[in-house]
Amino acid sequence: MNPYKENAKLSLDQLIEKRCGTGRYQVLALSILVFIDLNDGCELILMSFLMPILKSEWQLTSLQIQVLTRMVLGSLLTGFVADRKGRFKCIYLSCLIQFFMANSFLLCTNFYHMIFARFGYGFVYGFSIPLTTTMISEITAPDVRGRFLIVINFFVSVGKIYAFLLAFLCLENFNQGNWRFMMCLSSTTSLIVGILAWIYLMESPRYLMGNGQVIEGLNIIEEIIHKNQNNTGIISKLFKSVQPEVSSDPFKGSKYGYISVQERIAIEKWVIKVFRSQKKGTLIELFNKNNKSTTIRLWIIWFCINFMYYGQLLILPFILGSKQKTFVDYLTTVLGEIPSIILSLLIVEIPFLGRKNTMTISFFCATIMHVWSYYASWPYFFARFFMKECWAMLYPYSTEIFHTSNRTLGFGSSAAVGRIGAAISPYILIPLFEQEAHLPFLAFAISSVISTLSTFTLPYDTVGKSLDFQNSDGEVESNKEDEIKEIMMVLIEKKNQN
């Protein structure tokens, strides 16, 4: 069989699945990057605990608390930087900056100091969020991508539990405690992740290829193949392992000789077809004919789910504090998220459920639970279950639906719009709470209805589709110019063979 003909339609997803499989490198990358999302979950809970304490300790007004609770839009900047400068540098640098910003709370002695620290702290955390999902989606095979992205989202919940442990160690109750030491302790994970990322991670090969560095990208693929060889233990039992084979005709510049000339040419053709007209990190591309409908709906969904999810984290300490509840009662609501992650891992790759349908069903159920929570306290446990189910599916969907050239910007802009929903939540929820304790749950119910309709009308699901597809069938569209370039490549290769 002609090896060129065999690999003529090779895509990067197929190359990763065929040659890299899932092994040590992807698992190591996941093990490092999940702690960025753990930090994000920790930050959310620590901020919700910090607000009632500052209000009591510094005698702050409700308006001042609303200002401090605002989330800034670091995630929007991520796309403009990471889609141009790469994922790797942004990851380890943002983690190191997180470490310093978390420690800046030690210097805060009044409201104005806190504004500066809160702004920088929230900004850098927002900046780092899109990086983890983008990196993992670009180095994993399609058969495990959805589950890996759900695991990342799961660690947001783990981060919340970690925050409870810090609060238990440092705080006396919802209204007093050593909050500066608590914030200092929370910074250690950022430092560790930044160092580990710098030592062990590599740039995304998909990003490099989209940037015209095909040979560099293929060498990283070979590096992954080399690290994944001879998988043993639990990795070999859980994932599909691929034994590396040295090519008899490796491409020029190959480091290990795993990838052949024919595979290199096939990947170059794929790069030409996929990246031919994409502009890196531009909002205009998010509103072209392929993306406009999806972008608008995703922005609405991210806005609403952030308003609900973080709004509930914000308002629950006030509700529980007014009823003389403890940290254990708050922790119980967060534990409602854990079963949803397990369910998500089981159904994320099922075609008739997948990402889209699961989100639609979960938002509808969240609507019912939020209305019920207005009349009784305990259903918000189940409301968090369904909201976490939506989050778990929204992560892979928002990552996979956008093109590599704008993936970080697409995810980051959606997250940024979501942060606006989180930012305005205190201005709506605190006045509602002051009017009636459970009134905020009706606002959550309205957001759930809007999210249900937006999710239901999304164009198509991403389950089972390759990254960088450009139509509902999961295929990359072609044109005459691409076909001419492919023919020229074939002729050049035949000439070299002769």
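Here the Cβ of each residue, glycine as well, is placed from N, Cα and C on the backbone.
Marked as domain 'Major facilitator superfamily (MFS) profile' by TrEMBL: 1-463.
The transmembrane segment annotation in TrEMBL covers 91-113 (among others). Long-range contacts of the transmembrane segment (91-113) within the same chain, counting only residues at least 6 positions beyond its ends with a Cβ under 8 Å from a Cβ of the stretch, are 33, 36, 39, 58, 60, 64, 68, 120-121, 124-125, 127-128, 131-132, 135, 179-180, 183-184, 186-188, 190-191, 193-195, 197-198, 201.
Beyond its flanks by at least six residues, the transmembrane segment (119-136) meets 26, 29-30, 33-34, 36-37, 39-40, 43, 70-79, 82, 87-88, 90-91, 94-95, 97-98, 101-102, 104-105, 145, 148-149, 152, 201, 204, 395-396, 398-399, 407-408, 411-412, 415-416, 419 of its own chain at Cβ-Cβ distances under 8 Å. The annotation transmembrane segment is assigned in TrEMBL to 119-136 (among others).
Per TrEMBL, transmembrane segment is recorded for 148-168 (among others).
Residues or ranges marked as transmembrane segment by TrEMBL: 180-201 (among others).
Among the features that TrEMBL reports, transmembrane segment is placed at 298-321 (among others).
As annotated by TrEMBL, transmembrane segment applies to 327-348 (among others).
Per TrEMBL, transmembrane segment is recorded for 360-378 (among others).
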Check: Looking only at residues six or more beyond either end of the transmembrane segment (360-378), which have a C-beta under 8 A from one in the stretch?
Finding: 308, 386-387, 389-390, 393, 438-439, 441-442, 444-445, 448-449, 451-452, 455-456
Next item on the list: State the mean pLDDT for the domain 'Major facilitator superfamily (MFS) profile' (1-463).
Entry: 83
Margin query: Same chain only, please: residues at least 6 beyond the ends of the transmembrane segment (298-321) with a C-beta under 8 Å from a C-beta of the stretch. Say none if there are none.
Written below: 44-45, 48-49, 51-52, 69, 71, 174-175, 329-330, 333, 359, 366, 370, 380, 383-384, 387, 390-391, 394, 397-398, 401, 410, 413-415, 417-422, 424-426, 428-430, 433, 437-438, 440, 443-444, 447-448, 450-451, 454-455, 458
